[in-house]
Amino acid sequence: MDNNIIIGAMTALITPFKNGKLDEQTYHKLIKRQIANGIDAVVPVGTTGESATLTHEEHRICIEIALDACKGSSCKVLAGAGSNATHEAVSLAKFAQEHGADGILSVTPYYNKPTQEGLYLHYKEIAKSIDIPVLLYNVPGRTGCDLQTETIIRLFRDCENIYGVKEASGSIDKCVDLLAHEPRMMLLSGEDAINYPILSNGGKGVISVTSNLLPDMISKLTHFALEEKYIEAKKINDELYNINKILFCESNPIPIKAAMYIAGLTPTLEYRLPLCKPSDCNLAKIEAIMKNYDIKGF
């Protein structure tokens, strides 16, 4: 497992649409741009990829495109494979493995509010259905349930292919507590605002929204921190403060998709309802802040 774990700078990919349908050509180009700018892994069909409003067929196509785009490169594919129905999550995980994904990211079940025992059994079922690495994903602000430290550690110790967790609870204390109790755990930041604090407290990588727009900066920040060059890492983190903040002025991925469109990286600005375009006020703020950054094209 040690040789197969997926850490470092990762991008939670947006899913571009054109005339209401998946824009496969743009999606492929966006991934190639990530690879060219030093990203270690891409994460298709997660929260940022609007997975909740994709059909199962679109979900699978996104994974296939990511695998094709990363072929022959060192960039890995950590495929989104989450659902609030365990059997669906298992099916998505199996698809990812069968098609060559390097690992899966699986969010906690949303809406049905399982107990900690239910969460344990959910992830145990997913883990035993595949052989590739599994990264837990805790984002209670969106799912309505919090994967507690004790449950994370229990899963890590009981399931050989569960290697870590993407923590997006916003709690540095929880992250420090987790690593204090299980230092072998691979902890990844799931929130751009706290990338540096997590990396400087033992985290092993980030799954970033901002890196859709600025993959080179997120890659440098992450690798400086992993090399314990904390002064250099903090300098980049400070430079990213304003863009990180504005990219969450509305629900993710509303602002990042707007930013990608403004930067000319996507030909259209489309969402799947109930997500919609940002307010004119926020759109103007996003555009103004973007002028302070060197955003690389294709």
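Just so it is clear, glycine is given a Cβ too, placed from its N, Cα and C backbone atoms.
Under the heading site 'Part of a proton relay during catalysis', Swiss-Prot lists Thr47, Tyr111. Taken from Swiss-Prot, the feature pyruvate binding site covers Thr48, Ile207. Marked as active site, proton donor/acceptor by Swiss-Prot on the basis of sequence analysis: Tyr137. The feature active site, schiff-base intermediate with substrate is assigned by Swiss-Prot to Lys166.
Recorded features from Swiss-Prot, shown on the structure.
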residue : record                                         : contacts (Cβ under 8 Å, 6+ apart)
Thr47   : site 'Part of a proton relay during catalysis' : Ala12, Val107, Val139, Arg142, Asn252, Pro253
Thr48   : pyruvate binding site                          : Ala12, Leu13, Ile14, Val209, Asn212, Asn252, Pro253, Ile256
Tyr111  : site 'Part of a proton relay during catalysis' : Asn84, Thr143, Gly144
Tyr137  : active site, proton donor/acceptor             : Gly46, Gly82, Leu105, Ser106, Val107, Thr108, Val165, Lys166, Ala168, Gly190
Ile207  : pyruvate binding site                          : Met10, Thr11, Ala12, Val43, Gly46, Leu78, Leu105, Lys166, Leu188, Ser189, Gly190
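Taking all protein chains in view, 26 other C-beta atoms sit within 10 angstroms of the C-beta of Lys166 (active site, schiff-base intermediate with substrate).
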